[in-house]
Amino acid sequence: MRGEVCHIHIGQAGTQLGNSAWELYLLEHGLGADGRLDPEKGEDINAGGSFETFFTETGSGKYVPRSIFVDLDPSPIDEIRTGPYRQLFHPEQLISGKEDAANNYARGHYTVGKELVDTVVDRVRRLSDNCSSLQGFLVFHSFGGGTGSGFGALLLERLSTEYGKKSKLEFAVYPSPRVSTAVVEPYNAVLSTHSTIENSDCTFLVDNEAVYDICRRNLDIPRPSFEHLNRLIAQVVSSITSSLRFDGALNVDLNEFQTNLVPFPRIHYPLISYAPVISSNRSSHESFKVQDLTLQCAEPNNQMVVCDPRNGKYMAVALLYRGDCVPRDCTQAIASLKAKASFNLVEWCPTGFKVGINYQKPARVPGSELAPVDRSVSMLSNTTAISEAWSRLDHKFDLMYSKRAFVHWYVGEGMEEGEFSEAREDLAALEKDYEEVAGDSLDMEGEEAEY
């Protein structure tokens, strides 16, 4: 028994990411769209996978996901209620409001969100009572929207009071440098980050622009849709949890991510990269050796946030291998990665690598552009380069806030203006934390010289 994981999908981004993630989980476990075992898949799949982690089995042999979908706007959840997976989810796990948060953090956090949050916490309690040893929560939401930022922050506050000791990992869609879906994104993101720094154990950032570029460049999709993006992100989410569900040489559970990736409590924003992202018509010309995939993950253009890790230092890296891999190959691949000049580890963390190896091959969604492959690597790296992303965001926030543009919408929903400056100061402190961590080694040398 490896412990269960509850998924919580918040807002439109979280809900659509959830759709892609569950689509993939069903394939990996050989289940049909109604949550029953697919007779065509046969018995072989069932042998290796543990269903309990993500699914509750009912008396009639149906598997129900341990997940909750919440949105203040009814339409994304209605899509699930009428979509191909309407038989899969428990109707009580799909919670929608009457009016949306209108891209406004304050509506999601104070006015509209307040009415729904008790219902949601109650549903979470029911899910967790159903678990024999709950490992933790995976929370999916965006930082730019109203529900994702406001309600997401509110729910995480409640979760950390009720489930303080359980891991809470977030997958957050972060505002991109050039692709924007809302004018007030910088406000929402700064406010949301401020309130989740304390309440989340580890937050994996994904930004749409970076994933767009990966889809365009590697999958030859001229105009990628959100579905393409979500399917790619789902592969990473699946690798992170694959050890909980399938057997492997080195298994990794949720607590190990925190232990190995988060050197200081506030610095918990790892980057994600995934390889191989390749289309079916190119795959015959490529080598998928463990070493090649590992080096691909370290390339800036395979990362899911627009920032250049060559400008920063790595504090900790988790490499999750999946499929046909043996530990020896992985060790060699890591050695060659460490030898690269562009790969800088901080001096106070000499080992720096956590490895997971899982024997389950990456599954491929029928009709997706990703080529079927025998092995894949996900790299989660906590690097100081991510502070580039924070400073970009802070700069946009400052431009708008200097004129107090759009602030009245937030104040009108019961927020105080002081909260803006408080949140902004907190993020300035976060940037400072990252600078100090990167510069620590230099101070040490100065001190030694004095003695």
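Using the three backbone atoms N, Cα and C, a Cβ is placed for every residue, glycine included.
Note that the coordinates shown come from a computational prediction; the quantities given were computed from them, not determined experimentally.
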Same GTP site per Swiss-Prot - residue from Gln12, Gln93, Gln258, Gln291 joining Asp73, Ser142, Gly146, Thr147, Thr181, Asn208, Asn230: Gln12
Inter-residue C-alpha distance, Thr147 (GTP binding site) and Glu256 (active site) (nearest angstrom): 30
Between Glu256 (active site) and Asn208 (GTP binding site): CA-CA distance (Å): 27
Other CB atoms within 10 A, centred on Gln12 (GTP binding site): 25
Largest tally of Cβ atoms lying within 10 Å of a Cβ, found at which of the binding-site residues Thr147, Thr181, Asn208, Asn230: Thr147
Between Glu256 (active site) and Gln12 (GTP binding site), the C-alpha gap once rounded to whole angstrom: 30
Sparsest Cβ surroundings (other CB atoms within 10 Å) among the recorded positions Asp73, Glu256: Glu256
Three-class DSSP secondary structure - Gly146 (GTP binding site): helix
